[in-house]
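Annotated in TrEMBL:
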DOMAIN    B:28-324  domain 'HTTM-like'
TRANSMEM  B:38-56  transmembrane segment
TRANSMEM  B:96-116  transmembrane segment
TRANSMEM  B:137-155  transmembrane segment
TRANSMEM  B:257-280  transmembrane segment
TRANSMEM  B:287-315  transmembrane segment
REGION    B:440-476  region 'Disordered'
COMPBIAS  B:467-476  compositional bias 'Basic and acidic residues'
Amino acid sequence: MARPESGEGGAGWPGWAKLGVSALLVLHGTAVVAAVLAASPSSGLQRAVADQFRWYYQLLDQGYTYRFYTAGAPPTPILFAELEFEDGRSEEIRVPDRSQAPRLRFQRHLAIAYHLFEDVRRAPRDPDTGDSRSRWAASYARHLCREHPGCRRVTLFLQDHLNPSPRELVEAAREGRTIDVEDPRYYGDRLRIGAYSCDD
Amino acid sequence: MRRLITGPASYLADLGRSTVRGWDAFFFRPADPTPVGLIRLGLGLILLWDFAVLGLDLNAFLGSAGWADPEAVAFFRNGAGERWSWSLWSLVPDSLLVPAYAACLVVLLLFTVGLWSRVTAVLAWMIVVSTVRRAPVIHFGFDMAVSMVLLYLAATGSSGQAMSLDRFVSRWRRIRREVDRSRSARPLDGPIGDGTPAPSVSANLCLRLIQLHLCVIYGLAGLAKLQHPIWWEGWAFGSLLGYAEFRPVDLTWLARWPMLLMVFSHGALWLEITYPVLVWPRPLRPLIVSLTISLHLGIAVTMGLYEFAAAMIVANLSFASGPWLRSLVAGRDPEPLRVVFDGASPRCRAAVAIACSGDPARTVEWIDLTASDVVAVHPALSEERCQEGVMAVGPGDRIRSGFGAVVAVARRVPLLWPLGLLGALPGVAELGGMLYNTIAKDRPRDPSRTGPVPAGRRPEAGPPPRNRPEKPKARR
């Protein structure tokens, strides 16, 4: 009779170990489900329960709501940065840059634009200039200043890249047309986030 | 009146007892660790790729002058009262960024191959969480999936129980000891076990946690979609076709068949909603997991989220049966390859130990030339011929010798597959043959193992009735 390879030194765990692990399982399961249920729209009770696990989410990188594409494909925010250099020339940077490869690198830069979009939505605006007081925008501008020696000023914009509706796609397909998703009509207005001096 | 009180009390007591029994059976029954090993391997490869790509923008993502500078990260962390949030990258100055990154790659490589896997799984999880926290602006769904699976691999310590170098080294030590110690016709029959990884409670916990987390992800994601008319109207998939920034290829031609788009949309929605229920009955499990893998492949094609798709597919392997996964490598019931080696040669014994350690399905039978009647293995063999070099018999009556036999063994042993694939190529075969003959010709032999064998150790003709990979069966 062949002997099985040794594993954990026995088939079962002692009762105290099962009890301890069961307590952790209940804690973890409650935390994971509470986070998912606390996503909007949710009740005050659901949010209050999830709030009790904030320490847990921070510690273990949990607490995600996993609501991927619940409303279909939304417009994609694109970050544009206008760089003005001391020698008078200027340059525009698009984030994400679609020439970036591999794909995961492009996705990371897409996340950078998404993150700014979310922060700008929440951040207050300067009552005088109308510019956003987004902290991430300031951080991005500082990065661009350092990445581009000689740059004296960075102006950030967000612009939505809109998607043709499914009905437009169906109509175009029936007529044998292809839709150019780079057509200007599929880009929203540029929203100025703010101008940042590289001397600051 | 009394029954009105005792009836519900008895019901609640029964319910409590059966809940405890069910909980115990669900979480604390030992399970085959093979799927856990495969998940570790798959996730490790994905993470290595992730970090290789991250390295292209190392300073921009993790440096102090990056997109997320430490000042902004601290502002958001303090603003949100994140006292428990942490990142090891905050301890790394810019001057040490490259060495720290290189160390991360080494840890991820060790995790992938399953070396010191209990420790490297925890370190890999710490690396992933640290990176997410240091650069939250590059975080997206892929990182959530990876972090979830990695947490369970690290917390249960089960990632190295199968398909790992940890297990290989452990088997190698025992096999080496056995092959050096005993002198019998088939020295590796019996004492080292049948090669199947032992079921463990920690592997079961890991698989159960991943399975349950997947049910939460799919189920709640599906239910949330019901709030939006686009899913009821069947246009959700169609909306992805025009997703300009995401789509890697133009699939808008599919819009010629709007009903097909609606089938995809409704199918994806109902698959997500029903996944937490339908994935549990065993007859439905292969269907539901296959459909889910198709869903992720579809997401990869339409949105270019290749790594996210790969991570979710790897997580879904938690529902795969261990014996079935092993049968994909070893075959369902392969005819064993019988290999006659020189047990008097330390080199041969060392080579046998390595090959046997990498062959947990035991598809190769090792027969010691010095302790057996080789004619009983195959009438065309002779002791003189076997002393010239290793001989491999099978499948059927096919006999290969020397480097050809080494290549035949390599094809059976997953760790040696590269040699098995390349070994028969023109040029490689000739070079390998020359190298093998040189080594075999001058091999030292242990005189104490060349004398007559004690009575009762001569081999019986025909293959022994054991050490076969088991037939696939559902994971308990």
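Heads up, the Cβ atoms here are built off N, Cα and C, so glycines get one too.
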Distal contacts, the transmembrane segment (B:257-280) - CB-CB under 8 A, six or more residues away: 211, 214-216, 218-219, 221-223, 225-226, 231, 234-238, 241, 288-289, 291-292, 295, 298, 319
Same-chain residue ranges lying at least 6 outside the transmembrane segment (B:38-56) that approach it to Cβ under 8 Å: 62, 101, 104-105, 108-109, 111-114, 117, 121, 124, 127-128, 131, 142, 146, 149-150, 153, 159-160, 162-164, 210, 307, 310-311, 313-315, 317-318, 320, 325
Model confidence over the domain 'HTTM-like' (B:28-324) (mean pLDDT, whole number): 94
